[in-house]
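Take a look at what TrEMBL says about it:
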- 16-250: domain 'Anoctamin dimerisation' (DOMAIN)
- 253-717: domain 'Anoctamin transmembrane' (DOMAIN)
- 264-291: transmembrane segment (TRANSMEM)
- 344-362: transmembrane segment (TRANSMEM)
- 422-449: transmembrane segment (TRANSMEM)
- 461-483: transmembrane segment (TRANSMEM)
- 506-527: transmembrane segment (TRANSMEM)
- 627-650: transmembrane segment (TRANSMEM)
- 678-697: transmembrane segment (TRANSMEM)
- 709-727: transmembrane segment (TRANSMEM)
Amino acid sequence: MTELEDVSYERDSSMFFRSEHKRIDYIIVYQDYPKSEEDYNIRTKQRKEFEKNLISKGLELEYDPEPDSEDYNRRKYKYIKIHASWKCLLEGAEKLALQKRLKHSSNRIDEALNTNCLSCSCRNFTGFPPLPEDIECEPNYFTAPFDNDDIEQFDIELENQDEFFTNAERSLIVDSVLAETAFPDYDDDDEESTGNRMTFGIDKLVKLDIYRSCYPLHESLKRAESDDEDRRNLRLYWANWKRIFTFQPLDLVRKYFGEKISIYFCWLGFYTGMLIPVAIIGFVCFIYGVASFFRQEPVKDICEEDRLGNLILCPKCDRGCTFTRLKNSCLNSRLSYIFDNNSTLAFALIMSIWATVFLEFWKRAEKRVQYDWDVSHYEEEEKMRPEYELNNQKRENPITKKMEAFIPWTIKGPRKCLSLSVVLFMITLVLATIFGVIVYRIIFVAVLYSLPHNLIKERASIITTITAALINLIAIQLLSFIYRKLAKYLTDIEAPKTNTQYDNSFTLKMFLFQFINYYGSIFYIAFFKGRFAGKPGDKEGYFLGKWRQDECDPAGCFVDLFIQLAIIMGGKQIFNNVKELAIPLVRKYLRLKIGKTEHKPAENARWEIDRPLLDPPDNMFDEYLEMVIQFGFVTIFVSAFPLAPLFALINNLFEIRLDAIKFVCIWKRPVAHKSQSIGAWYGILKSLTFIAVLSNVKFKVYFYLNYKTIDILVFILLLTGFYHCLYN
C-alpha cells in the first residue's frame, strides 16, 4: 500500500504530545556522542540552559525518549517536541505583525474580488483543466496586523481557538523564538571565563553540533479524520507529474509553505505561461530557416562549385595546414542560416518587446498577489534579524521614540568596502578564467592543426570549441562553489537589518559573479571572436607573437556560438537536475537505510519519518538563479538560438513539478517565512532586459553589416531611447 492510498480515516497521534491535546509545532533532534566527558558536560549545560529559556518564553517541551527512561541510552537520536502555548502564540503574532482575520468583517469579500489565484484568470486563455474549487482558491477576508491590545477585534472562537493560527503560522512563531533565545557561550579552553557570555539562536547550536537538526513536522500523506490534508492535496494536485498541464494551487502552497516559497512558484508559473507565445514564434522561425536554406543565395555561393565554392582560402594555421576551398564551410553556412536568417531579425525585436512586457505584466500580477496574500506592507513591518538586533548599538528612533539597534557608518563603511573589494576580486578571477580559456583555444587549435591526421585537422575548430566549452562549464561550477561561501560570509559581516535585506544583499553579490561566470565566454564569441585576427603572415596580430588569434569559420561564428550556448545552457540544466533530484533521492535512500539498521522508528512516529528527509534551502536563491540565468539565455542570445524559448518552456513545465516534489516529498518542511515580492530579482531581470535589447540589436548589426564600423554614440543613444520608449 502506498502512502497516498485511501485508508480509513484516522487521527495521526504522532502530530501531538502524548496527551494528544497539544499539537507538535517543532522538533529538535540531538545526539549524545561527545568527544570527552568535559565536552559532554559543556554540551549538556548549553542544551539545558537553552531549553530552560525556551520554557520561560512560553514554549512547552516533551522528550522522546524521556531522559530517565531505560530506552534513552539505547537510542541514537533523541527528540524534543515543542508546543507553543496560547500566550506565546499571541505575543509572537504581534511581534511578527501577522495579518489575521477581523471578527466583524469575517464574511467573504465580494465574490467578484475573490478570484485571488492566477489560475482563475488564465483558464480561458489556455484551456488547461481546472483544479477542484476547494483546492484552487482560498476565501478572502478583511485582515489586520495582530495586536494583543485589540484582541477582541479579531475572529477568535474561544471554544476552538487552536484554529486561529494555521500550522504554518505556529511553526513560524516558534522558529522566531528559537532564533532569538540565548544560551551560554562556553569555550573548551576556558569554561569559567566564558560561562557568563551569552550567544543566541538555534542555528548556532546546530552549527556547533549541540543539536543535529530542527524542523516543523510535515503532515501525513495518508487520509486523516482531521483537516490536516494540505500536504496530501499538494501531492495529488501539485507535486505530481500527471498534473504537468494543470494550474498550480498557489493558495494551498501559500497556506502550507508560506508566502516566500509560494511567490517563487507564482513567478515561475507566470514566466512559463508567458513563454508560450514566443516559443511558438521561435519554432516557426526555426522551421522557416530549415525550409529555406537551400534556396538562399549566400548559402549557394559558399556550397556550389560553379559559384564561389572553389574559391581558395589561405591556410588556417602557419604550420601543417594547407589551402582550403570555400565550399568546405558549406555545412557551417547551412547551420548558420537555420538559426540566423531574416526571420530571426524580427524575432530578436519581438523578444526585446516581450521581455519588457513580461516585466510590466509581472509587476501587475505581483501587486495583485501582494493584496490577496496580505503582504503589501510586509517589508515596512518586517521584524529585525536577531543577529542585527542583539549585537549592535542602540539609539532612539525619531519616529517611534523607541530604542532600536543600528550600525554606525564607521563600522558599516569598512564592511561594505571589504565586501565590494572581494566581489571585484572574484569577478576579476572569473575574467582571468575566461581569458585562460581563450588562450587555450588559441594554443589547442594550433596543436590540432599541426597533427598529421587530416580528419583531426578538418575538425580542429569544432573540437576546440567543444572542449573549451566543457572546460568553461567545469570552471563555472567550481568557482560558483567557492564564491557562494565567500558571499555568505561577506553578507554575514555586513549584518543586514532584516531577512529581506539579507537575501537581497546575498543575491546581488552572487548574481554579479554568476553573470560574468555564465555569460562571459558567450559574449566573447558573439562580439569579439575573430575581430582582432590579423592578415595571414602578419605577426603583429599574433598572440604573444607566436600563435594566430582565435578566428571564425568563413561562414561566421554562429556555429561556435550555438555550441557554446548548448553546452553551457544544456550542461547547466543537466547538472542542476542531477543535483536537485538524483543526488537528493540517493541521499534520502541512504539515510533511510542507515536509519533502519541503527534502530526501528517508534511506531513510525512523524518526527522519525521526517528526520531522514533532506534539509530545505535557507532561501530560494538557487531556484531563482537557475530561472533568471535561463531568462538571460532566452532573451540576450535568442538571435543565435531561436529555439531557446521552446526549450525553456519544456524545461519549466518539468521544473515546476520537480521543485514541487522536492518540497513535498524530499525535503523537510521549511519554515513558512513571509515575503512581499521576488526581491532583488526584479531589478536583475530589468537589467537583463536592458542588456537583451542592446545585445540583440548590436548582435544583428555586427553580423548583418559584416563587422563594419558604426557610430557607437549614435547606436547607444538609439538603443537607450528605444528601451525607455518600451518602458514608458
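Every residue gets a Cβ built from N, Cα and C, even glycine.
Nobody curates TrEMBL annotations by hand; they come from automatic prediction.
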Give residue numbers and ranges for long-range contacts of the transmembrane segment (461-483): same chain, 6 or more residues beyond its ends, CB-CB under 8 A.
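Tertiary neighbours of the transmembrane segment (461-483) are 316, 426, 429-430, 433-434, 437, 440-441, 444-445, 448, 510, 513-514, 517-518, 521, 553, 559-560, 563-564, 567-568, 571-572, 575.
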Take the domain 'Anoctamin dimerisation' (16-250) and average the pLDDT across it for me.
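Averaged over the domain 'Anoctamin dimerisation' (16-250), per-residue pLDDT gives 79.
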Does the transmembrane segment (264-291) reach the transmembrane segment (506-527) with at least 3 CB pairs under 8 A, where each pair is 6 or more residues apart?
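Checked: the transmembrane segment (264-291) vs the transmembrane segment (506-527), no contact.
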At an 8 Å Cβ cut-off, counting only pairs 6 or more apart in sequence, do the transmembrane segment (678-697) and the transmembrane segment (422-449) clear the bar of 3 or more pairs?
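With fewer than 3 qualifying Cβ pairs, these stretches do not touch.
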